Structures are given as C-alpha cells and as structure tokens.
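S.K.: Attaching a single structure in structure tokens format; questions to follow.
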Amino acid sequence: MAATAIEPSSSISFTSSHLSNPSPVVTTYHSAANLEELSSNLEQLLTNPDCDYTDAEIIIEEEANPVSVHRCVLAARSKFFLDLFKKDKDSSEKKPKYQMKDLLPYGNVGREAFLHFLSYIYTGRLKPFPIEVSTCVDSVCAHDSCKPAIDFAVELMYASFVFQIPDLVSSFQRKLRNYVEKSLVENVLPILLVAFHCDLTQLLDQCIERVARSDLDRFCIEKELPLEVLEKIKQLRVKSVNIPEVEDKSIERTGKVLKALDSDDVELVKLLLTESDITLDQANGLHYAVAYSDPKVVTQVLDLDMADVNFRNSRGYTVLHIAAMRREPTIIIPLIQKGANASDFTFDGRSAVNICRRLTRPKDYHTKTSRKEPSKYRLCIDILEREIRRNPLVSGDTPTCSHSMPEDLQMRLLYLEKRVGLAQLFFPAEANVAMDVANVEGTSECTGLLTPPPSNDTTENLGKVDLNETPYVQTKRMLTRMKALMKTVETGRRYFPSCYEVLDKYMDQYMDEEIPDMSYPEKGTVKERRQKRMRYNELKNDVKKAYSKDKVARSCLSSSSPASSLREALENPT
C-alpha cells in the first residue's frame, strides 16, 4: 500500500479547486507550451523526411528539386493558396505541380526564400535569415545592409505580399525601411521596385526620396525604374535645386549612343560618335555597355578602341567596378586584357574585388557546377584577386582613412610580404640592399613577417592589431609598409628581370601553399620532407639560371660583390 502511495496516479482528480480553477499564469504557461509543441510538430512536416506526406509541388526555376508542400496547411494559412487549390480540387492529378514563375505576377522568389517563408507558414515563427544566402563573402562586412541581405528580404516581401500574409508584409517592410538609408543607392533600387509592385506607399516614398538626392545618373534610373517612379524622381530633383530641367544637346547625344547600345548596334554607336563632338567616355558608353549589354557587344565596343578602360564616371566608378557589379567573367577578362586596373578604388574606398565579394553569397561562392568547376561568381573574385596579386605595384588610389583595412589591401600586402621573403631566401644580399634602399626596415614593426621568410600563416599576423590604434593610423601604417615593399619589388624587376619572371611564375603556387616553406624543413613525415627538398631544389635551380642570365645582362656593372654592385647602381642610377 505504501508502494502505491508514492506512484503517480494514472488519472487526474478534478475535485481540487486548485486544478479546476488554475491561475491565469499557469494557464498562459501551458497554452504557450502547447503552442510551442504544436509549432515544432508542424515543422517536422517540412524538415523530417519520415513525415513526407506532401500532396503538391512548387517548381522553382533552375532548381532540380521541387519544393513539396501540404495543400491543407497552405490553404488554411493563405487565402491565395486556398483560392489556388480550390481550382484544382477536382483534378485527377495525385500531386499537382505549380510553377513559381506562374504564381508571381512580378518579382522573384528563390528556393531558400520560399523555404524560409514556408517555415513561418507551418510554425508561426519567423526564424533568423540563413547565413549562407543572406550575407556576403566579404570578411569585413557587417552584413546589415549588403546586397545579399537586401535581396533575401526583397524575395520574402514578394512572397508575403503575393501569397497574402499581412503580418509578414509588415515585418519585412520595417526591415527594408532600415536598409534604405544604410545601403548604397544602387542597392536601394530592388527595394524601390518591390515597394512599387506591392503598393507599399511609405517604403516607396522613402526610396524615391533617397534615389532623388543621390548621384545616380538619369540613364541608369531610366533603365531600371518604371516611368511613373522616374517622373517623381525627376520632379524631386528639379525642386531640390530650383532649376527647371533642360534637355541640353550633350544629354540628347548621350541618349542616342546609349539607345544604340540597347539595340546592340555597335556600328551605329561608332557612326554617332564620329559625327558628333561627344566621346564614348563622355557618354559613359563603355560603363553602360558593361552594365547592360551582351558580353559579345561589350567585346565589340572594346575593339573600337574609342574608350579609356580606366575612365571614371561621375560617381567615381571605373568600367571594371561596373563589371564587378555585374559579375560576368566574359566581361571582366577582356577588360583586364585591355588594361583595366583591378587596384583602382571608388571614392568610398572599394575596389572591384571588394565590390564583387559584397555581392556574392557564401552559397554561390562555395557551390560548384555539375562539372565540379567553381561558380561564375567565385570565378570573378578569383580573376580579380589574381590580377591584384599579379600587379601589386599598381596601387591605384588606395584610401588612407578606411574604418577597417580593406580586404584586398591586406591581400596585396600579404602578397608583397611573401614575394620579398621568397627573394630573401634565394639571394639575401641583393634583397637586403633593395630593402635598405626602400627603407623597409623602418616599417618592419607593422607585421614582422620578413624574418624568417614568411610562411603561409601570415594572414593571422596581419590580423593582429594594436587595440589602442585608430583605424586611420592602422591603415596608414599598412600603406607605408606596402609602399616600401612595392619599391623593393620594383627594384628587383629593374635589376633582375629574369629572376623577377621566375618569381612571377611561382608566386601563385606559393600563395596557394603549393611551394614548401623552407623556414621549417624538419616539419612533416620523411616522405613530405623529401618532397619539400625536391620542390625547393627545383625552384632554386630555376632561380640560379635566371640569376646567371641577369648577371650576364648586367656585366657592365662593377665586378665586385653582387650586393655592392647593386648598391652602387641604386645609389647612382643612370
């Protein structure tokens, strides 16, 4: 009897006044707990393969696998889906299929955004945005207003509005309003478009005002935005300066050139430029073609040789900056081949590779094609990074007052550190003379990477900063260091051109950790040490041959030691 007294009863007595009249706090707690459990159970329908009792499929363009859904859940939560499924109620098809593009009258909703939307539909809970599709691959970005974050919120807004979920519309409208003032004006355009299509008046007015007071040129606005919005922006711009809009001849001529580009008529472009006093640069024709034309048309425009590939438009963007925004390798490569400078910065301190990173989602960066090749977005970043590494001496207009050291500035500095370290390894006397002349020692406290020759973990050292040092001082110090190293490398190119070419050949492998670091030859297994020595000796032989070639070429110098000969040449340049 005593044993049964301590066991929980299998039935609940309702005679107790405490149980029959529970307090409001207890009732609320149990209700919340029950709702939480219900929400979790419904989520299993989406995430657990064992609970796959779906009865319809949504096919999203370019996605191999459709998204399976339960019509009863969607119909209960959304009037749009209720009306949609009513039409097919008598259909003989067991699992009807719906194309996302047919459901949306405007805009786009990708797979990840739709799954995020469905998660709310099933559970009633709005989760944080998934990092792999709502952030960028720029390591110094806060991801509070970068393009992937905006695009994901815009897609969710289209889904929420079209599929008639008012509470989500309100939530995402607040989020998008926060983005408008934080983001670059070109990133505001997709927000403006979703506000226009979804009748979000407050958000639309905010976007129009932001674009109107920006320096975004009229031809870009005409290309991107609906006529109704365009007229409002024009009116606001006229009011802000109190000057009536005048259609001057240069704008008219520019418009004709750009319309010819819109029709892919490069011959007409050439004719218009020949017959008028406007140039392709003045019309920003190459910028426009790179932004909007087919890559083949861009190549044809480049072949006219009528434009400066490093010309800046009124906003400070070079053609390569615009190409980085488009992220099309078949446009970026011809521009670089024509001499576009990958190291040029915008007025606010962004380079082409930095722009490209801020537009690229981690998912797109890491995804490979069916043939196991990198995605075209990663390819664009790789091309631009390699170009910066290949031409580190072309510094562009490097900013000196950035709030954080730009990632491509770190990359160039790392490249130069490793290159000078490699030169020290093979001809220390000559390298030390060149470094003395460039006053590298005076900047060595920046990183301390040159002795011993840098290994491949130097990025960690580059990241170590003095917490008491302001961002301005830190960036300025790094630039001083970089300029000294650039001068050292330039000296090597001038006096040892063959050695310079050999180092060029091996630097990409060195940066990718394919060349052994001989600072620690004892590291690794016996086989690894043997391979390391063989690889090192192969490189050493190539450098020796190149050095002998340079020595013969400079036989006119003094027959004294190589270091003194170089020093004399540096101190008394002819």
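Backbone N, Cα and C atoms are what each Cβ position is placed from, and that goes for glycine too.
Model, not experiment: these values are computed from the prediction.
Copying in the features that Swiss-Prot gives for the protein in this structure:
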COMPBIAS  9-20  compositional bias 'Low complexity'
COMPBIAS  535-553  compositional bias 'Basic and acidic residues'
COMPBIAS  554-567  compositional bias 'Low complexity'
MOD_RES   Ser11  phosphoserine
REGION    1-21  region 'Disordered'
REGION    373-516  region 'Salicylic acid-binding core (SBC)'
REGION    521-574  region 'Disordered'
REPEAT    252-280  repeat 'ANK 1'
REPEAT    281-311  repeat 'ANK 2'
REPEAT    315-344  repeat 'ANK 3'
ZN_FING   133-147  zinc finger
S.K.: For the zinc finger (133-147), could you work out the same-chain residues 6 or more beyond its ends whose Cβ comes under 8 Å from its Cβ atoms?
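M.R.: Contacts with the zinc finger (133-147): 110, 112-113, 153, 178-179, 182-183, 187, 354, 357-363, 365, 381, 404-407.
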S.K.: As a test of reading the model: what is the averaged pLDDT for the repeat 'ANK 2' (281-311)?
M.R.: 94
S.K.: Using DSSP, how many residues of the zinc finger (133-147) fall into helix, strand and coil, respectively?
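M.R.: Computed counts for the zinc finger (133-147) are 3 helix, 0 strand, 12 coil.
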S.K.: DSSP helix, strand and coil counts for the repeat 'ANK 2' (281-311)?
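M.R.: The composition, in the requested order, is 17 helix, 0 strand, 14 coil.
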